[in-house]
């Protein structure tokens, strides 16, 4: 690929309303899995001014204090004053949780065969490329790092006027399929009313953006749009309603790869929307790391109650050292993509999900689906 082009991805902060909802959903999931690894959880959250509504379908032997968990997450994010329009101590927490349908349960938990079927039909994508050290597209990887840096600056007191809600958008210029410079940075952060706009712009540019993005990618042509409306005091749930599962592109590949449409947060790993998407990332990353391709996108699909995938598709975008059909044969040989196989391979029945709910589900080495444990076997095919 010799053409010159630009590509844009965005990330949002842990205080973004949709991300508040994702974190509460996954914190409740973690609390349940800590007591009952076989629980069935589909937890959805809505946040708006002064209230949190927790709903969904949960079947479990565990008991968890939904209200306490919800308030703890909001406090941890940093909404600790009514002046922000949202306060962990005073907000209302409403619960509307039911049980999983027995019609779904009988297909997922086959008591005769003891085989775990897929929790629903669906299609999932996994992706990896060589453009960053974590095998992720650079725009989304660096957008997440900008948001992480902002959170650290807020919580440490480095920039005391910061408030929790924020988002950024990063446009990178590519040559020969690799990022070479930053074209545009769009950065909007909630702030206290006493900070001057020019001081905010300088602090974000110098202490956040330039401390994260590679210096060789920044030049006098780089465009910065920092709080371009001039004021962002009203934010969080006071400014916008937040819902679980509305940031699926932020959670995955920033638009660089396709998406099957299912969200992750609040779902136990019997839901292939989540677990199979993680498995697809694991497969794609190991394929690229093994040198079978410089870029790989994988699609897998499932039928409800059926263990084996109904299809596997691979695209290496002309970068493959093997035919796509040969790579699919290797996937069948080296990866168990049944729901139970995925759960066992990645030890997914653990309370590990709250940490995934911010800054992306991929590209961080502490997640088990990021392991490069199949590289040696796959590379033998070259």
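Every residue gets a Cβ built from N, Cα and C, even glycine.
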Annotated region 'Flexible loop' segment (source Swiss-Prot; candidates 89-99, 100-110, 111-121, 122-132): 100-110
Max pairwise CA distance, angstrom, over record-listed ATP binders 16, 165, 166, 167, 231, 232, 240, 246, 247, 267: 36
Per DSSP, three-state class assigned to residue 44 (K(+) binding site): strand
Three-class DSSP secondary structure - residue 271 (L-methionine binding site): coil
Nearest of the binding-site residues (16, 44, 240, 247) to residue 271 (L-methionine binding site), judged by Cα-Cα distance: 44
